[in-house]
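Here Swiss-Prot flags 1-33 as transit peptide. The annotation domain 'Biotin carboxylation' is assigned in Swiss-Prot to 38-485. Per Swiss-Prot, the feature ATP binding site maps to Lys153, 185-246, His272. Among the features that Swiss-Prot reports, Mn(2+) 2 binding site is placed at Glu326, Asn328, with the record citing similarity to another entry. According to Swiss-Prot, the feature active site maps to Arg330, an assignment based on similarity to another entry. Under the heading region 'Disordered', Swiss-Prot lists 636-665. Marked as compositional bias 'Low complexity' by Swiss-Prot: 647-657. Per Swiss-Prot, the feature N6-biotinyllysine maps to Lys698.
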Amino acid sequence: MASRLLLLPRRRSRHGGASLLLARLLSSSSSEAGGGGAVEKVLVANRGEIACRVMRTARRLGIPTVAVYSDADRGALHVRAADEAVRLGPPPARESYLNASAIVDAALRTGAKAIHPGYGFLSESADFAQLCKAEGLTFIGPPPSAIRDMGDKSASKRIMGAAGVPLVPGYHGAEQDIELLKLEANKIGYPVLIKPTHGGGGKGMRIVQRPEDFVDSVLSAQREAAASFGINTLLVEKYITQPRHIEVQIFGDQHGNVIHLYERDCSLQRRHQKIIEEAPAPNVTAQFRSHIGEAAVSAAKAVGYYSAGTVEFIVDTLSGEFYFMEMNTRLQVEHPVTEMIVGQDLVEWQIRIANGECLPLSQEQVPLNGHAFEARIYAENVPRGFLPATGTLHHYRPVPSTATVRVETGVEEGDTVSMHYDPMIAKLVVWGESRNAALVKLKNSLSNFQIAGLPTNVGFLQELAGHSAFEKGLVDTHFIERYQNDLLSTSTQALSGSHEAEELGAILAAACICKKDHVSSEVSLHDKKLSMWYAHPPFRMHHFAKRLMEFELDRELGGSSDDLLKLSVTYRSDGTYFVETEDGSSPGLDVKVDSRGDHDFRVDVGGLQTDVTLAFYSKDNCNHIHIWHGKHHHHYRQTLRAEQSPDDSSQPSASSEARSHPKGSVLAPMAGLVVKVLLKDGARVEEGQPVMVMEAMKMEHVVKAPCAGYVEGLKATAGQQVFDSSVLFTVKENKPN
């Protein structure tokens, strides 16, 4: 049986006291109730932003915290945020954050009587929850039995079916023989979705359109599932071609009470991973909201659930029906959007329920106030298919947090995003009285979220938030695929429209750089402070001084231009700068610059004043210049001479061989681990034939031959780490001798 989605505008519920609730949620002052009971000291068995998030609430409740860390995270923000910290082991997760016995031992050594698992890692491990219980520790989460029942997606489907929760047609059995799975897929009918029975986050999911691709997809999904969750069993379901992903936040206590805190729409995804979530879901009726909430509560009650959980549904936009997909037995990454619309701290609820307290609200008392968005900011290379990226945060300036804007992060400027863990840098969460108001706030906050040093998806998120279909709430899980050309700004019209802003950005950057040099590089000459412009050629101590500058544009969303922007900057005696393009393609501009710090400037162009931020760093034999002006962010490069190249030493760069690779060379698409080498050096290959499999941040990537020929220089072996853009092998037309 399925429930139907009615696509009608939502009547916005308005409740008083929203500002007070949000202020309480974000406050760092101590709670009037305190944190007694079983949870008197908590170890957070996680890292990054979620560890910092849990510690913030614990601190507000007066509860001391213990962090755990790998060698890669020795100086991480979550370690510094805790009262105590314990080393777990080397960087690989299986030797650190997935080492259950080491984590329990850390809790016992430090006297922490409770463990909060966060999300990911061991958060959905029934064995870990059971181990905590056996050692007399409070696991801040659901009972092990519920984790086990719902963690096995095949078992959970059977339980949900018995409870009357609607299910997608599919195979959920224990038998994993590949021929049986193939037979079941044929019965279901293509396209089918292959999904691991354990874990989440899109890891190991494969959409298979044709029977001939099924076996390879199963093998790849099994490898990725094993690497991510330690279990490689799969289920096969009918693939809904035009789905929405809507999930319901539920909460239960140890006294049998279960409520829902409304739904979230998580349809905007790439690689089956969410990147923008919102609450409540747009364009649904109150009747649908009630029905899907009731189904989620029924699902939780069927397994005796307590603590925070999320019941995920797939909604068929063609038929209007929704189906149970899975239940996440933990706090979700996107829980802040729910916190914003109900005005409650869900981590505090988890702690109080672990203490044996009742739910603080009944279903009728849960408010629905306004609208909230969350945008996940990742280190990733968008033009390369959203592959994860690594590097140093040379400049990191999130938007300031307020009562209606939250930034959840686990990094600071100078930190390194490594290949070992998820590449998420931060979560930007905004709230408004309506969806439109919240969306305006999201767009503005994204345009002011400053990161430089490695590729990110901030520009892509801006394109998403500004797309007309998204503004109308017309979302499904194929949104990014459908509007790819719009979002990646690859059309001629889009590139033409951005050129003016890019040129203006270069002009402003040139003027600000000159101002910075003028102010900070003064020398003493005859007891007078004069700019280095006057002390060093080619500038003269005359009425005017001129400087030539070149900028090579690096577009975040691809379509990089090989053309150089050549600018001439003339310093005038009145302190202004006249900047013009060397080719005279556009009229010159008079720019007045006031310095407001190392990175911040106020510029005046023809009477129009605006704030500008610049970031500088050197990497890969280039000076990198980032500028933020208005809603725009641009990245320019300037090539350095060899003696001027203080490359970033914290992150190894590609070798000189990779920078000057011959025709047919295949470069590593990301920094990562070689999982499997499928061919031998010298082997004959066809265009598109898989040669090796790489893995980074738990995501698998198949490296294929770019053309037909013979493999040469294939030296990588399974287990070897390679750097981004390093040469993996070359495909040559003729067989090597």
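Just so you know, glycine gets a Cβ as well, placed from its N, Cα and C.
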Secondary structure at Val192 (ATP binding site), reduced by DSSP to three states: strand
Whole-number Å value for how far Asn328 (Mn(2+) 2 binding site) lies from Asp216 (ATP binding site) (Cα to Cα): 28
Residue pair Asn232 (ATP binding site), Glu326 (Mn(2+) 2 binding site) - Cα distance, angstrom, rounded: 17
Val208 (ATP binding site): tally of other CB atoms within 10 A of its CB: 22
Cβ-Cβ neighbours of Arg330 (active site) (radius 10 Å): 26
List of residues, in chain order, with Cβ under 8 A from that of Ile240 (ATP binding site) and at least 6 apart: Val168, Ile314, Asp316, Tyr323
Other CB atoms within 10 A, centred on Val192 (ATP binding site): 25
Cβ atoms near Lys153 (ATP binding site) (within 10 Å, other residues, all chains): 22
Glu224 (ATP binding site) to Asn328 (Mn(2+) 2 binding site) - Cα separation in whole Å: 19
